[in-house]
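In Swiss-Prot this protein carries:
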- H224: active site (ACT_SITE)
- A128, N194: NAD(+) binding site (BINDING)
Amino acid sequence: MRNAHAPVDVAMIGFGAIGAAVYRAVEHDAALRVAHVIVPEHQCDAVRGALGERVDVVSSVDALACRPQFALECAGHGALVDHVVPLLKAGTDCAVASIGALSDLALLDALSNAADAGGATLTLLSGAIGGIDALAAARQGGLDEVRYIGRKPPLGWLGTPAEAICDLRAMAAEQTIFEGSARDAAQLYPRNANVAATIALAGVGLDATRVCLIADPAVTRNVHRIVARGAFGEMSIEMSGKPLPDNPKTSALTAFSAIRALRNRASHCVI
């Protein structure tokens, strides 16, 4: 049994906008100790300069001074293969934010197999969307339909296939830029895949979850809506998310979800 007074030894994978926000939130939490940060080699010096000697900043799992009790990934899809898989194999429980990558079934299998091999637990964070607990509970009784509708301001879709569908810089009315499965949405819009993939994995799966993505000049924030029905009844939840102050492209709720995961790990009473 864990000593109630010993802080949980944590490794953070990634130190971008989300990682930095999470670190600031828990830096002085007596129940947690972020003792390790894993970032790409070219970022190590900058992160060491920001965090000082109290944190072990390395570029690989092999370089860690010791095995952490818990790891939090907020680094992007590549980090799942490079860092989360070996940590799980070594027996470290991990929570991951890059859920969109799990539309690749081979990667999901690799993570699951690594967790089995190490006797570790892999937690998928809810990230920028709410209602995941209700959706996952409803699945136990059977779900007939799950739909996700995602709206962004037109310029939020720059750099995606939406640019070939409409003039994102001169839109006067909303336009649907994608309709299909969550798996196809994740493949075509990888930078916007985390919410759709999270909903799919909590509910009826990547192929049965229907996704509609909309460029909407009437909205100023990213708007997420889940519609589901099944043996439990019906649900409809809509969220209009604010970004992190330090990064307008990153959902604040994604960072809060990661903070919650860390604090839940250190708590003996979890909701």
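Every residue gets a Cβ built from N, Cα and C, even glycine.
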Let me know the DSSP-derived helix, strand or coil state of A128 (NAD(+) binding site), please. coil
Mind giving me a neighbour count for H224 (active site)? Other Cβ atoms within 10 Å of its Cβ, every protein chain shown. 24
